[in-house]
Structures are given as structure tokens and as C-alpha cells.
Amino acid sequence: MVSSERCAVFLLIALSATSLSARGESTPREPGQQHPRSDRRVFQSVPIYDKQEEESEYWRTVAQRSLQHQAAHPRSERKAKNVVYFIGDGMGLSTVAAARMYLGNENMYLSFEKFPYFGLAKTYCVNRQVADSACTATAYLSGVKINYGMLNVAASVKRSSCEYDRNATEFKGLLEWAQQAGKATGIVTTTRITHATPGGTYASSADRDWEDDTEVNNDCPTTRQEDKPVDIATQLVYGSVGKNLKVALGCGRRHFIPADVKDEDGKAGKRSDGVNLIEAWKEVHADMGEAQYVSDKKSLLEAVKSKKLDYLLGLFDSSHCLYNLEIDDQKLGDVKPKLTDMVDAALSMLEDSEQGYVLFVEGGLIDTAHHSNRPRLSLEETIEFHKAIELARTRTSEEDTLIVVSSDHSHTLMYNGYPTRGNDILGIGDISDKDGLPYTTLSYANGEGFYQTYADGNPSKRLDVTGYDFSDYRQRYLATVPLSSETHGGEDVGVYASGPGAHLFGGSTEQNVIPLLIAYVANIGDEFGWVTSTVPDDDNAASLQSMSQLLPMCLAVVCAFARQLYRVVLE
């Protein structure tokens with residue numbers, strides 16, 4: 001809570017601002033005077049930083065060290081045996097920057113920010129400027145941009161279409177390519193495993209909300225049963241990609257069990273067809289090898305320790321998984337696994353695969369916390385995401401494992417206000433020179449926080465936030481436009497890469513290029529024409545392979561030039 005002394009300061013400032021406003025006075029706004037002088041800041045605080053940062057030589061030394069590191073890092077043309085692909089759902093660049101401060105200091109680095117190569121990806125859908133997690137999942141997993149709210153169905157199909165030519169318009173992507181190449185595959189998420197992002201790895205659906213049959217029936221009541229779309233949960237169990245996942249860990253039990261059945265936490269399911277898909281998964285995989293379903297952390301750790309399983313399904317909550325801070329607050333650390341626990345378990349399941357593996361990991365609750373205008377929850381999830389990536393890089397070799405980290409889209413989180421160094425990223429940034437009231441360093445463009453920003457929803461009457469408990473992870477932050485759920489942002493997101501072929505991920509590109517780059521580096525994706533019968537084991541072999549792949553393209557260019565020259569001669 002804010003101290004009584006600080007509240008008294010805020011009160012004096014408010015009275016002073018009111019007096020200025022009554023006389024029609026305000027801070028000068030002449031050209032060149034838009035940035036306030038340091039002594040003009042109302043909320044005075046002492047900057048906190050390392051004293052050596054005041055020396056110019058310190059920064060030159062830091063820059064030279066960074067240059068030497070970048071220059072010394074060799075390009076690897078080798079093919080990757082393994083791929084670990086991380087998506088921080090809703091992890092825009094403002095979230096990454098704020099997470100550094102949440103980690104301890106503005107000059108900190110998240111684990112993936114230390115990767116040698118960085119680029120940007122454009123996130124729009126075919127029919128929306130600002131994307132959702134479904135159309136983006138299709139782009140960065142299958143290489144095709146489609147419509148908002150749909151999974152792996154071409155943009156020629158409208159959302160919620162119950163009947164369409166599925167053979168002509170549905171497609172799969174990265175994990176199917178990996179399975180066809182003989183690689184083991186797995187998915188990990190902190191959301192429902194049928195949610196848009198993980199669903200994009202194994203399912204095709206004209207509506208992301210068709211997580212179970214109840215939603216399909218509601219939207220397609222007149223469609224014949226044999227023609228109805230297959231819900232996403234069913235595709236995980238019976239679909240060609242879903243059933244062949246070696247490991248699938250996340251939450252969302254409710255979409256796998258009937259409405260009259262309760263799960264391990266006593267919560268009812270949502271299915272109306274009476275099918276228990278958890279039991280169905282066990283039956284399907286009983287004929288495929290040694291399989292086990294787990295529902296808590298203890299069972300998960302015991303299952304992977306044996307190293308005898310061929311297939312593992314873990315569902316740890318009815319809907320989305322609990323936030324990290326909820327697990328800590330409710331003292332459920334021995335029951336509910338966190339993202340690092342699940343990634344560690346997934347790697348244990350996959351790492352002995354002779355042909356290698358492709359593991360997809362989503363830090364999904366970064367997004368859900370932003371939607372409710374709760375940045376403390378989101379930043380905590382971002383730090384857990386950073387830890388999971390660090391664990392993966394530590395457990396794997398940079399020689400044979402490509403790690404790619406990105407996001408599906410951004411959010412409307414703003415990091416603003418000229419706060420002093422060392423100021424609490426989740427605290428007050430300064431005092432307005434207009435209404436004399438404080439504002440937070442982090443705020444949102446829209447969302448439910450609006451109702452804790454303005455008195456009676458009146459935008460001309462801002463509330464005094466000095467009494468808010470910003471240490472409470474449930475606290476909503478300031479928002480400008482009232483919405484039941486904060487929206488995504490439309491700006492580009494970062495792409496970070498480490499390992500074989502990582503240099504290919506630099507620059508600015510369309511989001512749908514990413515899976516093709518991964519497929520190229522991992523030597524998968526028969527339809528693209530670059531797969532060879534053997535995986536090169538040294539850089540020379542990799543270079544020869546690259547040359548052999550470039551030769552057909554070069555010949556095509558030469559032929560095209562010859563044809564054009566022939567036309568010119570004829571004319």
C-alpha cells in the first residue's frame with residue numbers, strides 16, 4: 001500500500017494542479033519543449049542504478065563486448081535434428097521490456113534475448129488488421145495466412161461454416177511434416193490444450209470455439225450428423241496428427257469429458273455426446289504402445305522418470321491452467337505443474353528419439369492476464385516462459401537443436417511516463433500536470449480496467465489510484481476505453497533464434513514464413529522439395545546439400561532469362 005506520507009504529497013500536488021487549472025495555467029508546450037525537464041517531474045524519486053553507468057567508458061566497454069560476442073558467433077549451415085518452438089501468447093515487445101524490469105533491472109536480458117539472431121514478424125490475418133491466436137497459429141505453424149478465428153482452413157471459407165469442401169481447404173503443418181519425416185512430436189501449453197494456439201498444431205476447424213461437440217451442435221443445429229465438423233478435442237484423440245503426438249501436456253479437461261462426469265478436481269465436463277475422450281485416448285494408444293494419462297504434477301514426474309512410455313497425455317485443470325501466482329498463493333506447487341515442469345517432462349519423453357523431435361511450447365497465460373488488465377500476472381508468466389526457454393537451451397545442444405521463440409501477437413500494454421531508473425515497474429510512474437492525479441507506468445488502451453480508472457465511467461473524472469494495492473496480482477490497471485476484455489495489438493512481434501540455421505530468422509518477414517524456415521532447417525516437409533535421404537553430420541556436407549538445393553532454382557532462373565531473351569530476339 002502507498003504510505004501516508006506519499007498520500008499527503010499527492011494531495012498537495014492535486015491542490016496545486018487544481019489551482020493552476022483554475023487560473024488556466026499548464027506546463028509550457030512550445031516547440032522543442034514537449035519532453036519535461038527532470039526537475040519538472042511531479043513525482044520525485046531517486047534513480048537507482050549502478051554508479052559505473054555514469055562513466056562513458058562503461059558503455060563503450062559493454063558495446064565492445066557485445067560486438068565481440070556477435071562477431072565471434074559462427075553461422076551454422078547444419079541441419080537441425082531437433083526443434084523446440086516457443087510461442088509466448090500475447091508477448092509483445094512492450095511486455096518483453098517490462099518483464100526485464102520485473103526480473104530486476106532495465107538492463108537485464110531474458111534468456112531468449114541472448115540468442116544470436118533476432119527478427120520481426122508481421123501478425124495480421126487475411127481479413128483483420130489485428131489478429132487473434134487462431135489465424136496467427138495457422139500462419140506460424142502451417143505457413144498460410146487465413147481468416148480471424150479459424151484454424152488451418154483456407155481464407156476462402158467463412159468462419160463458422162458448417163459445410164465446405166474439407167479436402168480442398170483444410171491443411172496441416174509443422175508437426176505433420178515432422179511426423180512424416182519420422183520425428184517424434186509433442187506439445188506443451190498452459191492453456192486448454194484445445195485452445196487456439198495448441199489446437200493449431202493438430203486440428204483444422206472453421207471456428208476456434210469448437211473445442212467440443214456442444215459448441216459444434218450450437219452453431220450447426222441443422223447439419224446432418226455425418227456432415228458436422230469434428231470438434232478440436234476429438235481431433236486430438238483420433239486425428240492423424242493428434243493421435244501420433246508422443247507427448248501432449250496442458251489443461252482443459254472439460255472438453256474431453258461428458259457434462260455429467262466430474263474431473264479430478266470435481267469440475268463437470270462440457271461434452272453432450274456422452275463420450276469420455278480421456279478414456280478413448282487410452283484405448284486408441286493401447287494398441288500403439290505404452291501409454292499413460294496423468295492429471296497432477298506428481299504423476300507427471302513419475303511417468304517420465306520411467307523412460308518406458310511411448311505416449312503421454314497430461315491434463316492438469318478443467319479450463320486453463322492456474323497462473324503461477326495462483327499456484328504459489330494457493331500452495332499447490334506439489335499438485336499443479338508449472339510451464340518449466342511440463343517442458344522438462346516433454347524433453348524427457350522426446351530426447352531419446354533416434355530421428356530427432358519437434359516440440360511446440362506455448363506460454364499461454366501471458367495473453368489471458370493481459371486480457372483482464374492484470375500486468376503482474378502477465379509479467380510473472382513471461383518470466384516463467386523465460387525460465388522454460390533457458391531450461392530447454394541448457395538441456396539441448398546448440399549443435400543439433402534449433403530453438404525459435406516468438407509470439408502470435410501483441411497487446412495494448414503501454415510502458416510510459418518517464419519513470420526514474422529503478423522505479424517499480426508495477427507502481428506509479430508520475431503525477432499528471434493536468435488533474436494532479438497519479439498514473440501507473442504500465443497501462444492499457446482498453447479493457448475492464450477502465451472502471452477502475454474513471455469515476456462512474458466518466459472519462460473527465462479520473463480516480464485517485466494511490467490507495468490501490470499494486471502488490472495484489474488481482475489488481476486491474478488503468479485502461480482508456482471500456483471493454484469486457486482487453487484487445488490484442490497489431491504491431492510486429494519478435495522472433496529469436498539459436499542453433500543450426502538460426503541466421504535465417506533475422507530481418508522483417510511475414511509470420512507465415514517462420515514454419516517454412518523451421519522445416520528447411522529441420523529437413524522436413526516433403527512437398528517443398530528440399531528433403532534428402534540423409535541428414536548431414538558436418539558443415540561441409542551441409543554446404544554441399546545447400547548447393548544441391550540451390551542448383552534447381554538457379555537453373556530455373558537461367559531458363560527464364562533465356563526464354564525472355566529469345567522473345568526479345570524474335571521481336
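Yeah, the Cβs are placed from backbone N, Cα and C, and that goes for glycine too.
Some features that TrEMBL has for this protein:
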- D89, H195, T197, E362: Mg(2+) binding site (BINDING)
- D89, D367, H371, D408, H409, H488: Zn(2+) binding site (BINDING)
- S133: active site, phosphoserine intermediate (ACT_SITE)
- Query: Around the Mg(2+) site recorded as D89, H195, T197, E362, what other same-chain residues have a C-beta within 8 angstroms of the site's C-beta center?
  - Reply: I87, S133, A137, T189, T190, T191, A196, P198, G364, D367, D408
- Message: For H409 (Zn(2+) binding site), which of the listed binding-site residues (D89, H195, T197) have their CA atom within 10 A of its CA?
- Response: D89
- Task: Pop the Cα-Cα gap between the residue listed as 'active site, phosphoserine intermediate' and T197 (Mg(2+) binding site) into the table, whole Å please.
- Result: 6
- Query: Taking the Cβ of S133 (active site, phosphoserine intermediate) as centre, how many other Cβ atoms lie within 10 Å?
  - Reply: 26
- Task: List nothing but the one residue from H195, H371, H409 whose Cβ has the fewest other Cβ atoms within 10 Å; the candidates are the binding-site residues.
- Result: H371
- Item | Proximal residue to H195 (Mg(2+) binding site) among recorded positions S133, H371, H488 (C-alpha distance) | S133
- Within 10 Å of the Cβ of D89 (Mg(2+) binding site), how many other Cβ atoms are there? 29
- Residue pair H488 (Zn(2+) binding site), S133 (active site, phosphoserine intermediate) - Cα distance, angstrom, rounded: 9
- Task: Could you measure between D367 (Zn(2+) binding site) and S133 (active site, phosphoserine intermediate) for me? Cα positions, answer in whole angstrom.
- Result: 10
- Note on the structure: Students should find that the Cβ of D408 (Zn(2+) binding site) has, within 10 Å, a number of other Cβ atoms equal to 31
- Item | Among D367, H488, the most crowded of the binding-site residues [Cβ within 10 Å] | D367
